[in-house]
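Record features, source Swiss-Prot:
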{"type": "ACT_SITE", "residues": "Lys294", "note": "active site, schiff-base intermediate with substrate"}
{"type": "ACT_SITE", "residues": "Lys347", "note": "active site, schiff-base intermediate with substrate"}
{"type": "BINDING", "residues": "Arg304, Lys316", "note": "5-aminolevulinate 1 binding site"}
{"type": "BINDING", "residues": "Glu332", "note": "Mg(2+) binding site"}
{"type": "BINDING", "residues": "Ser373, Tyr412", "note": "5-aminolevulinate 2 binding site"}
Amino acid sequence: MASTVPFSPAKVQMFQATNCHGHAGFGSSFAVPRTGPRPRSVAVRVSSEQEAAATVRAPSGRSIEECEADAVAGRFPAPSCVCQTPKAPDGTPEIRPLDMAKRPRRNRRSPALRAAFQETSISPANLVLPLFIHEGEEDAPIGAMPGCFRLGWQHGLLAEVYKARDVGVNSFVLFPKVPDALKSPTGVEAYNDNGLVPRTIRLLKDKFPDIIVYTDVALDPYSSDGHDGIVRKDGVILNDETVYQLCKQAVSQARAGADVVSPSNMMDGRVGAIRSALDAEGFNDVSIMSYTAKYASSFYGPFREALDSNPRFGDKKTYQMNPANYREALLETAADEAEGADILLVKPGLPYLDIIRLSRDNSALPIAAYQVSGEYSMIKAGGALNMIDEEKVMMESLMCLRRAGADVILTYFARQPPAVLCGMGTAK
């Protein structure tokens, strides 16, 4: 008889994964390059003797046909072993099993089953890495945030982005540490086209054209008063005048190449005004991630140290939300969605899981959560004191944010979950 088998003289190049994309299922694909002509079919004559020698036999030496005949006749081999239930410890009461049709533990009894039925997952696509930047060349550690630095806006910044991309993280949000000499009551440095943030955006987009760059739209890093808006002589934060400045800031960032502008200041009407300003300048494709439910939280302390942006007087309770309020988030969600927001963000994250779920249930827009500096520092401190397992608590906290309904998470841990999922341990 004649059999047709493929024959190819081509040499196939070896390939291997260079990072966790290759072995963690993060959406990577590999093309196997070939050289030489296309494979062709060659007829090979097989003799009857060769065909008989190729008859497949079971490990016992008997052919498949013989085994099938035994099965039809009801002759089955004896099992090699009989599985027995392990013995319970002495003193365990002997009882009749409970009469239950449903036992949820059945679906949790092995790692394979638990993985098969897991409802929530985390991937690098769900993570956004915040980056603190400053004008200096050297990276400066942030005391209240172990492992975080104010990055030199060129070398240190690029190194951090390279590390994140190595584990599949391609989204970044920028927060500038602005010199005091550039701060003013009206925050005019916020829309300087040659300022720190626009220069950083251009640098990143030149080196990594495919990354997603989020920017913060707020005056507090640029304000000599440390507030998110212009402060009147009597201490009142001016809303509409601040929104005017924010529009110029957002346009400046979009002009530099920002993909997503993120108004975090909680001024009324800011989203609609920024959307109109962007569209008027031709930036119809630039998205807006609104800090929809940003609470006046005590969890922001380390962040404000990182940027030296603490209010010089008072607090931010006249514009940020009361932590005691739940229904108010519905008002903010409806307003921002109507004004043209593309993404709705809840901040802080873990203490406000109910607000994340509320937003998820009441909007079809993507929901973001910010695991803020205080949440990060608590986990780091607990791990350093060996009071908790830092890696496990970090993963659980992020999984909880995803389970509550967050599509994306802004977190200072962003480089670590992909490394953990790859089996490489916490990224350094």
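Glycine too: its Cβ is placed from the backbone N, Cα and C atoms.
When the CA atoms are compared, no recorded positions among the candidates Lys294, Lys316, Lys347 lie within 10 A of Ser373 (5-aminolevulinate 2 binding site). Counting only same-chain residues six or more apart in sequence, the Cβ atoms lying under 8 angstroms from the Cβ of Tyr412 (5-aminolevulinate 2 binding site) belong to Leu129, Pro130, Met145, Gly147, Cys148, Gln371, Ser373, Tyr376.
Rounded to the nearest whole angstrom, the C-alpha distance between Lys347 (active site, schiff-base intermediate with substrate) and Lys294 (active site, schiff-base intermediate with substrate) is 5.
For Lys316 (5-aminolevulinate 1 binding site), the same-chain residues lying six or more positions away in sequence with a CB closer than 8 A to its CB are His227, Asp228, Met266, Ala296. Taking a C-beta cut-off of under 8 angstroms and a sequence separation of 6 or more, Lys294 (active site, schiff-base intermediate with substrate) has the following same-chain neighbours: Ser264, Met266, Gln320, Met321, Leu345, Val346, Lys347. Counting only same-chain residues six or more apart in sequence, the Cβ atoms lying under 8 angstroms from the Cβ of Glu332 (Mg(2+) binding site) belong to Thr292, Ala293, Met321. According to its DSSP assignment, Lys316 (5-aminolevulinate 1 binding site) is coil. The DSSP secondary structure for Lys294 (active site, schiff-base intermediate with substrate) is strand.
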